[in-house]
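Undergrad: Feature table excerpt (TrEMBL):
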DOMAIN    A:82-148  domain 'HMA'
TRANSMEM  A:165-184  transmembrane segment
TRANSMEM  A:204-226  transmembrane segment
TRANSMEM  A:233-253  transmembrane segment
TRANSMEM  A:259-280  transmembrane segment
TRANSMEM  A:418-436  transmembrane segment
TRANSMEM  A:442-465  transmembrane segment
TRANSMEM  A:730-751  transmembrane segment
TRANSMEM  A:757-781  transmembrane segment
């Protein structure tokens, strides 16, 4: 079969041939022509068929004409020049960057465009006189890069990215290097003449360098320690802050009274290493969002049919009860409404997880979140957007509580005991020296606090969890932050959604029920299906396609009902039960019925298929976790599910979004839950659970708010991800023991009153670096033992959405 | 030996220049997107390439 030169999809019908190149549809051909006219054919040389098939949707970007929306989206608008940053989820390879940065050759009014690949954004500067924002969006959509503009982009003001950590790292690193240089001479020779001469100058210079470190770079630790103490809670920041303060005061005291060179080298080094750890822990996935709510799914505006003004575009938060709205094909219904006219085929998969279309007739109620497939509808709003059935879920308290505050991290649990032990040792040894040699008492007390500063402990968790975060990311499991891994390790119950989570969203299992069809009829059937564009026909055709292609005498398609084909007097009818003239007994199942002539033959039943390895995964997980399945589906699927598992798994059906949320909340009283779900219907349960994992077949499309996003093909490795998160706990504990050894050596020097700055300066970095090496090696070894597999996406490339390619994969093939 | 004051001043000044360069680069957003520039630098400008080819041909003719 031919593949399209532009988008790489297989050409199902007769390919469009242009200049000896084949295209799957007119859309791809048109895009090719646009590129050719503007001399951009080099696009195809960068990567074989890098394009996306573009689907024309007139009126999709009409809302961009509203001045208030423009005002929110535009970053700069003066003197006819506008600057806008658009999110384009299709950006996936180097050709995309190249094309989007060459937009000025497609349209003269585009002055400049710059792609931010990790965030999948493009910033475009253009002249508004010749090109409006709407036209720009349409131009992008025409070449296959439709911008995704959601309510969230529109309502959230630009959040300045936090650069504070970079500045602090810079300050600490700068001071650390210089202080090391200045303190080096005193490590070896203290009696040398010239050194004696200049040491006061050197010491005050070091003091000056340490000031910005203590008062700027380390301020987060003081704030965290203060907050901890205020809520009567000893976190790990308390001994760190205590250490920093003691280091600074003791060193200043030393140089003022000319007692020694002070510990400025250890002080700046400590802060620098701590900040490096904090930087490492922050692995962010700029192209993913973990905070989405229904606003990301809903359109920004809808078409309202006014009483006298005709059609107008309004923002959805301005919809009032009683407004008449126009819903086009593929548009999401934003409010609960009554259907006034048109034939509704509504896809509620966002809301219920149930993928079959629901038919509605005029006078029926339609709910917010459903997507219309087919013709144009006219509806009358019953409520405003925020009061609709689905959107009310977000006013639930589950979306407001902060999961990390209710969970004590490994480090903080240790920090509490640690602080008490250190203070006890310091006081006891000070008391001892007060008795023997009171001049040493203060020296020893501060030395203990300095040497016991838990630098290594504070580094163990960031490096262990940071490494695990990176390993997870490599295998398609994108975790929001390192706290989530700690919570994962504590989980004891796993709750699964069914539709879209355990089953695939694409790729059905098809089986035939009924009389056998003859060879000739099968050829006729496959050729009839070939002419149909209905998704079920396409799937069925893909199953039967190995038949020879023949031109049929007559094809009649009745949209929404079925298709009939005639060849040499024989007729075959394919479609719904009523279309083929057969009583429908089992309307719950999705089926395509066939009749040859007037004889009913049988039906093809479509069943969603379970993801690969689900059964094996459940068997492995059963050993350690309690498993539960919550489904929005009818209980008719129960027997199929039970066949999949050789043991009893509690299953609940007909679960509405708030039922799932309530189930999780109740179960949380005696266990820690991980919820694995996909759609908006799971959003409440994902937010309420200790760890909410959203599963998706395409990383680029929307996922509800969650703690982690798992690419669907890696679901079978969930047990390994959980094992690694549990291993994190033992690795961190092992490194605590290791750092405890260092600390006891240091404490020996401190308690006996022999702590020299040089010893502190050696011990501190040594323990920190060995902890970093130790945790990195341990995590690496554990992940090797678990044998993670890199899984390629098994489903074929979706047509209009972004390709489910792993990040950066195709960027290695940049032409040199 | 008072030259050490001069030397130290110079060394600290040099260090501060680099420090300031770092702060400035963060401020200008060089660390916001650390990936795309590495791809962008490999793109050749096809139009320039064509004219170069013409020049090359011309120069080869004259030779």
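Note: Cβ is positioned from N, Cα and C throughout, glycine not excepted.
Unlike curated entries, TrEMBL annotations are predicted automatically.
Since the structure is predicted, the reported quantities are computational estimates derived from the model, not experimental observations.
Structural setting of the listed features?
TA: Under DSSP, the residues of the domain 'HMA' (A:82-148) split into helix, strand and coil as follows: 20 helix, 21 strand, 26 coil.
Remote same-chain partners of the transmembrane segment (A:204-226), defined as residues 6 or more beyond its termini with a Cβ less than 8 Å from a stretch Cβ, comprise 168-169, 171-172, 174-176, 178-179, 182-183, 235, 237-238, 240-242, 244, 248, 251-252, 255, 261-262, 264-265, 267-268, 271-272, 274-275, 278.
Taking Cβ pairs closer than 8 Å, the transmembrane segment (A:259-280) reaches residues 165, 168-169, 172-173, 175-176, 179-180, 183, 186, 199, 202-203, 206-207, 209-210, 213-214, 217-218, 220-221, 240, 243-244, 247-248, 250-253, 450, 453, 455, 458-459, 462-463, 466, 756-757, 760-761, 764-765, 768 in its own chain, all 6 or more past its ends.
With a threshold of 8 Å between CB atoms, the same-chain residues lying at least 6 positions outside the transmembrane segment (A:442-465) that come near it are 236, 239-240, 242-244, 246-247, 249-250, 263, 266, 270, 273-274, 277-278, 280-281, 409-411, 414-415, 418, 422, 425-427, 429-430, 433, 482, 485-486, 728, 731-732, 735-736, 738-739, 742-743, 746-747, 749-751, 753, 755, 760, 763-764, 767-768, 770-772, 775-776, 778-779.
Among residues of the same chain six or more beyond the transmembrane segment (A:730-751), those with a C-beta under 8 A of the stretch's C-beta atoms are 410-411, 414, 425, 429, 444, 447-448, 450-452, 454, 456-457, 460-461, 464, 759-760, 763, 766-767, 770-771, 774-775, 778-779, 782.
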Undergrad: What parts of the chain pack near the transmembrane segment (A:233-253), using Cβ distances under 8 Å and only residues at least 6 beyond its ends?
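TA: Hits for the transmembrane segment (A:233-253): 207, 210, 214, 218, 221-222, 224-226, 259, 262-264, 266-267, 270-271, 274, 411-412, 414-416, 418-420, 422, 446, 449-450, 452-455, 457-458.
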Undergrad: Can you tell me which parts of the same chain pack against the transmembrane segment (A:165-184), counting only residues 6+ beyond its ends and a CB-CB cutoff under 8 A?
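TA: Those are 202, 205-206, 209-210, 212-213, 216-218, 220, 261, 264-265, 268-269, 271-272, 275-276, 278-279, 282, 757, 761, in sequence order.
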Undergrad: Using a Cβ cut-off under 8 Å, which residues of the same chain at least 6 positions beyond either end of the transmembrane segment (A:418-436) come close to it?
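TA: Here the qualifying positions are 234, 236, 238-239, 242, 442-445, 448-449, 452, 454, 457, 747, 750-751, 753.
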